Amino acid sequence: MYGRDPWGGPLEINATDSATDDDRSRNLQDLDRAALSRPLDETQQSWLLGPGEQKKKKKYVDLGCIIVSRKIFVWTVGTLLVSALLAGLITLIVKTVPRHHHRHSPPDNYTLALHKALMFFNAQRSGKLPKHNNVSWRGNSGLQDGKSDPSVLMKDLVGGYYDAGDAIKFNFPASFSMTMLSWSVIEYSAKYEAAGELNHVKEIIKWGTDYLLKTFNNTADTIDRIAAQVGIGDTSGGSSAPNDHYCWMRPEDIDYPRPVYECHSCSDLAAEMAAALASASIVFKDNKAYSQKLVHGARTLFKFARDQRGRYSAGGSDPALFYNSSSYWDEFVWGGAWLYYATGNSSYLQLATHPKLAKHAGAFWGGPDYGVLSWDNKLAGAQVLLSRLRLFLSPGYPYEEILSTFHNQTSIIMCSFLPVFTSFNRTKGGLIQLNHGRPQPLQYVVNAAFLAALYSDYLDAADTPGWYCGPNFYSTDVLREFAKTQIDYILGKNPRKMSYVVGFGNHYPKHVHHRGASIPKNKIKYNCKGGWKWRDTSKPNPNTLVGAMVAGPDKHDGFRDVRTNYNYTEPTLAGNAGLVAALVALSGDKATGIDKNTIFSA
């Protein structure tokens, strides 16, 4: 009989076939395969094919968002685990194996001293101290300054810096100190950054300029007075009235009246304050609102200086006893130069380069103190500052005549610093006597070291290998060597092997003339005369005034570490500002050099 394969093709069945069942089964399978004329789907194949001939099913992993082959999944996860283990092993090896390559060289002495010299300013702060002041024996002080004197217009005179070992706040040297610090930041911000001190020095400057802004009406365009000084120190005539020199007290314990000295005709002070605010405005140029506030204050002060002529210390005033100003013409040149850099306004440059102004400032006089930069006389600083303008911008007519003169005079000043010239004597130990053997020499030495190192960097940046002293040519390295030898002397390379920076080295002054450092912080309040025992004791100061540069040795390299002799052992703001400037100029890599452009940003 004939039947039909359900899937097509004839199928003959012979009931009487003598073949075995196995043979028939094989024959049928062969016929079925031959009869297939179209592809079979998976179900059909599963019916027709034996178990051993079925295709192996692939296994998959459902990850939710995607379905992947199990084999690929296993390989991927395994690879990731192995990679993570290798990365962890490599990291462990890198961190645990000692490094012998690319090690940073240890900080040089100038950088180490810089860290300490800046700390002196933290110790001199008046007012409500910031939490991170980092001087454990200091606290809030002078919180009634201005308020306790009913005669003054400015009632809030809290803040600022104490000048030296007392608690008087003198605007004149404090302003010069802020100007010097700002100048050093403008020129050497990269070196401050490398030393990790850029933010610190900017905080120091801002603490000073914030206070200066309080001492006059900084929102006005025209003013008629400045609060020039807080506290008095006159003890002449045997007066026993409590004041900042008669009493020996911690600033935190002061309970006597602190009068405010106002000036209404103070060209020198106002122009120096203008220089401080103008230079700081360049330091804080990225803080536009604050920078503009500083510039406005500087303009107002300089206008007051020009309109109301006179010396702030005239007439036997208290400032005349301690920081007497000899002239205001040098501040006109200095302040005018800084205002030009801060504003770009050529009227300030016209003033700073006016021949009559230069003449009055002593640019053509010479004399024994010519070329000595100090809190009183800024002419040498102004000459270097304006020589910079000629070296890098060369503005030409009508400024070239005086700029060229200042440039030549700067060269002469640099020559006077060299040992081969006899403008200034030197001690046997090598310290230049810029104040001709008078006491407190170091404040002048550090300023000269800063100017020399800075001018050397100016010449290097201008691709000028040196300068002439008469017919002889000197390399810029000679200037830098002068700066190094003077600072090295201060840091301990002197006949006494004495470091004149407190806390630097192993041998430094232990009896610094300083009220806060000499009286223990022991919860006992010593009154005006009660602190005299700490002034007069031969014991070392209980508190270390880290970074303070003392007044210095005498002309024979001698030094007496005696607290009552301030001519040896008293530090000052102005002295430490010059020290910081010189140290940063000499610190780190010489190749870093100056920042040529920031000062010209306006």
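Cβ coordinates are placed from backbone N, Cα and C, and glycine is handled just like the others.
Quantities reported herein were computed from a predicted structural model and do not represent experimental measurements.
Between the stretches 1-25, 126-150, TrEMBL puts its region 'Disordered' entry on 1-25. Straight-line distance linking the Cα atoms of His513 (active site) and Asp561 (active site), rounded to a whole number, equals 9 Å. Spacing of Asp561 (active site) relative to Glu570 (active site) is 10 Å (Cα to Cα, whole number).
Around the Cβ of His513 (active site), the number of neighbouring Cβ atoms within 10 Å comes to 26. The least crowded of the active-site residues Asp561, Glu570, judged by other CB atoms within 10 A of its own CB, is Asp561.
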